[in-house]
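Notes to accompany the following structure.
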Amino acid sequence: MVAMAEAEAGVAVEVRGLPPAVPDELLTLYFENRRRSGGGPVLSWQRLGCGGVLTFREPADAERVLAQADHELHGAQLSLRPAPPRAPARLLLQGLPPGTTPQRLEQHVQALLRASGLPVQPCCALASPRPDRALVQLPKPLSEADVRVLEEQAQNLGLEGTLVSLARVPQARAVRVVGDGASVDLLLLELYLENERRSGGGPLEDLQRLPGPLGTVASFQQWQVAERVLQQEHRLQGSELSLVPHYDILEPEELAENTSGGDHPSTQGPRATKHALLRTGGLVTALQGAGTVTMGSGEEPGQSGASLRTGPMVQGRGIMTTGSGQEPGQSGTSLRTGPMGSLGQAEQVSSMPMGSLEHEGLVSLRPVGLQEQEGPMSLGPVGSAGPVETSKGLLGQEGLVEIAMDSPEQEGLVGPMEITMGSLEKAGPVSPGCVKLAGQEGLVEMVLLMEPGAMRFLQLYHEDLLAGLGDVALLPLEGPDMTGFRLCGAQASCQAAEEFLRSLLGSISCHVLCLEHPGSARFLLGPEGQHLLQGLEAQFQCVFGTERLATATLDTGLEEVDPTEALPVLPGNAHTLWTPDSTGGDQEDVSLEEVRELLATLEGLDLDGEDWLPRELEEEGPQEQPEEEVTPGHEEEEPVAPSTVAPRWLEEEAALQLALHRSLEPQGQVAEQEEAAALRQALTLSLLEQPPLEAEEPPDGGTDGKAQLVVHSAFEQDVEELDRALRAALEVHVQEETVGPWRRTLPAELRARLERCHGVSVALRGDCTILRGFGAHPARAARHLVALLAGPWDQSLAFPLAASGPTLAGQTLKGPWNNLERLAENTGEFQEVVRAFYDTLDAARSSIRVVRVERVSHPLLQQQYELYRERLLQRCERRPVEQVLYHGTTAPAVPDICAHGFNRSFCGRNATVYGKGVYFARRASLSVQDRYSPPNADGHKAVFVARVLTGDYGQGRRGLRAPPLRGPGHVLLRYDSAVDCICQPSIFVIFHDTQALPTHLITCEHVPRASPDDPSGLPGRSPDT
């Protein structure tokens, strides 16, 4: 539960007061429109009754939406507040067949758990006022992944022939008193629930009694209070109170329909009247009081009608009258708020019978341009005719009202409108997509599509002209598939507005600028690049479009982990290289320095001021500028190569002693050192290999490897001057690194691979190599090049980079690149792997049969893995740093994993909930699901057993491309992996390809049931397949 709260904190918003007629697409478009609502991209939307939970992708978008005072949609005033976190142990089931008993519902949930491979646990079906919907409470929380699996399984496993949908719900803000406690006096119940010492409760927001035996609903101002009340036992007046969580979606349909129009028909007490009047006032505010507003309440006998006036109207005098539809003997009440003297005289506020409204027209829309154009707005009784259903076809009509009454910056787009709606019994229901309009026939919608840059240009530099279209509603379309404007209004007006917009588009020119610098796309999409483009837009009155740069960036951004950080570098700020005739690798250099220091000590030489050992790369900070770091104690000194200080005789003597020492070493140890050096060299070369998916596209997008930037500007704008200014601005941010001197010519293939891998330009200047690019990429490329050129090279091979990675490494290792060795069933290794596999299958144990087990051998990947493991052992706080996990995959991906390990280009395609990495499961029951390991034509499934370096892990979330950031002040920047739940992780996500090592491949298949006589789960000998 804590992990879920952390994942949703600041991005989930609770929406209330939403009419059922509002389509989900309209609501998401509204909250994704930054100018209208202050929001941004919406991650998910879940409707719950007359509201729901809206989850934004960025916390800043949610903050802006909550900070905006008013949100009006479809004529209703929406109420927003931060949403409670998800209830991890509570499920909502919808679409239950009639007569479903609680016991049958509990059995169905347990069947879903069993079919999903999750631990079966007892559950409790809670009393529900709606027969086709119910809540189920579990004793143990479920993770996000578990709930998603249950949701999918519910689509396949029905209840008595009916498909029952399953959904998550947030923590409850309201509780319902059921049973004998529902008849307790409301005032006594209110005082009890607000008494924190007696009930654990707090301030109430509302208290209402549902009809009949459905119970009494108490809504708290804070969800934490409601959940605290549910955890306690309650007694009042000697009777035990039974409380269950309550949501609006559980209320019967007739109550939900009446509630959508405003106040609840069964609401009691002063709070109910107050909230109903506030909701009614929201409608008046939305219409800005243009004309007279008359509403029928549709109340039952004995209830009182209420009318509200909320201050001065915009166009002249306004009267709002609430007709109660009362029988004789009923009374009406009036409430007047706001300054009365502002209109010069007091307005009439009265109640009137609904019969006087029956002769009004159905719907009329007309602009109110003069004060004497006044007219009533009438809404028929909600209870008698039901709610007015509105579909997407009425979106133009919604825009006419909403945009005219939106935020101050959009005033003037459309003139104030006056709406008159007559009795619904007289006119009949409104059909979706078709509305007859009195006085304004032919209301139409038009869509004008354009490029995103052209749309932004119109919004930025022609805002006054757009605002002048007073008789047409203009709704921006900013979706991923289409961009442009939706025009709503009279047909003649829309056609004129469309021609006007097309003429504006004709005055805009579009150009494509090719960027010469490698890595420009990645830089311009970053914060510094965006700031640079904004400055140029303001200077040249233009708009830059970065849509063609989106595919130009590599998979790892500037803020993510540097794959070259494990490569050794030599001391000093310059990138110094070894000479080609060097006789050893890193270990060789260290041994020579040790011998030299020992001889210097014996001779009494003072060599304390020199750095003799290679410095390990320190952990990079957020700026990722390791080239600026210096060794403590030597900040003011320039590094000097050891060979220029030590006397010649000392170097010769040290080399002689080292040669004598190595002549005494066993040949096997020398062979091991040579193999280790070859593995390190292969590791360095493997960083140049591109994943298959990335290799298909040019690294910088566009043609000829150049990034393309789209610019929209006025025709009179000098594009060449803009191009020169852009190039000059980019040149300021270009970083340069020098590697060398190097006696050989750098091969063209090596230069090309470095440019593609790091997004830099590589040029030769004498015997030095110059690397130019943006940010930390030149420094990374320099470290990579130093590691490539360091150590002994076979003179005959030179640089065989044109060959593929596996072929090169296979030649270096003098053996096969990968090997799958089938294990015999009678071996201990086979039995151990199968036993551990079956121990984690849970409910799927009886339905899975192991076909064969193969050992995966990969010497290079194992060496890389061990190096990574040693590094984690030194710095990780959590133990163990390594775990044995499972990874289900498809049959076509098996050869790639065996050859390259768990590469993100062909792994991690089934899930991105906790990040864009490679997913592993603690229990095999998750990996054997068809979603993760679909069977091939023979019915065989592939599940890898892997050693995974989980290290210190943090909470995963959607969109991560690197492990989550640690807390401020920590010596390390990021965690090592991500998980689904910090407390009890069941899913691990890694972001380094060398962080996991496949050890065994288990081929299994589904069977109706396993033989109970076979302890290994194999009903006989495995087939030879």
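Placement of Cβ uses the backbone N, Cα and C atoms for every residue, glycine included.
What Swiss-Prot records for 617-639 is compositional bias 'Acidic residues'.
In the predicted model, residues of the domain 'PARP catalytic' (806-1025) average a pLDDT of 82. Marked as domain 'PARP catalytic' by Swiss-Prot on the basis of sequence analysis: 806-1025.
For T101 (phosphothreonine), the number of other Cβ atoms no farther than 10 Å from its own Cβ, over all displayed protein chains, is 9. For T101, the entry in Swiss-Prot reads phosphothreonine, with the evidence type experimental evidence.
DSSP assigns E106 (ADP-ribosyl glutamic acid) to a helix in the three-state reduction. Taking all protein chains in view, 16 other C-beta atoms sit within 10 angstroms of the C-beta of E106 (ADP-ribosyl glutamic acid). The ADP-ribosyl glutamic acid annotation in Swiss-Prot covers E106 (among others) and rests on experimental evidence.
Reduced to three states, the DSSP call for K140 (N6-(ADP-ribosyl)lysine) is coil. A C-beta separation below 8 Å, combined with a sequence spacing of at least six in one chain, links K140 (N6-(ADP-ribosyl)lysine) to A89, P119, Q121. Per Swiss-Prot, N6-(ADP-ribosyl)lysine is recorded for K140 (among others), and the stated evidence type is experimental evidence.
Look at Swiss-Prot and you will find S378 (among others) tagged as phosphoserine, backed by a large-scale study or a structure entry.
Per Swiss-Prot, the feature phosphoserine maps to S423 (among others).
The feature phosphoserine is assigned by Swiss-Prot to S431 (among others), with a large-scale study or a structure entry given as support.
Sequence annotations record features per position, and here Swiss-Prot assigns phosphoserine to S663 (among others).
Around E882 (ADP-ribosyl glutamic acid), the same-chain residues six or more apart in sequence whose CB sits under 8 Å from its CB are R869, R947, V948, L949, T950, listed in sequence order. Under the heading ADP-ribosyl glutamic acid, Swiss-Prot lists E882 (among others).
Per Swiss-Prot, N6-acetyllysine is recorded for K916, and the stated evidence type is a large-scale study or a structure entry. In the three-state DSSP reading, K916 (N6-acetyllysine) counts as coil.
Feature annotation from Swiss-Prot assigns N6-(ADP-ribosyl)lysine to K916 (among others); the stated evidence is experimental evidence. The 10 Å shell around the Cβ of K916 (N6-acetyllysine) contains 17 further Cβ atoms across the protein chains shown.
Feature annotation from Swiss-Prot assigns phosphoserine to S1011 (among others); the stated evidence is a large-scale study or a structure entry.
Feature annotation from Swiss-Prot assigns region 'Myc binding' to 700-907.
Annotation comment: Swiss-Prot describes 650-667 (among others) as motif 'Ubiquitin-interacting', evidence class a curator's inference.
Per Swiss-Prot, motif 'Ubiquitin-interacting' is recorded for 673-690 (among others), and the stated evidence type is a curator's inference.
DSSP classifies T101 (phosphothreonine) as coil under the three-state reduction. Sequence-distant contacts of the motif 'PIP-box' (831-838) (same chain, at least 6 residues past either end, Cβ-Cβ under 8 Å): 823, 825, 845, 848, 850, 853, 884, 886, 924, 943, 945, 1000, 1002, 1016-1018. Distance between Cα atoms for E106 (ADP-ribosyl glutamic acid) and K916 (N6-acetyllysine): 36 Å, as a whole number.
Separating the Cα atoms of K916 (N6-acetyllysine) and T101 (phosphothreonine) is a whole-number distance of 43 Å.
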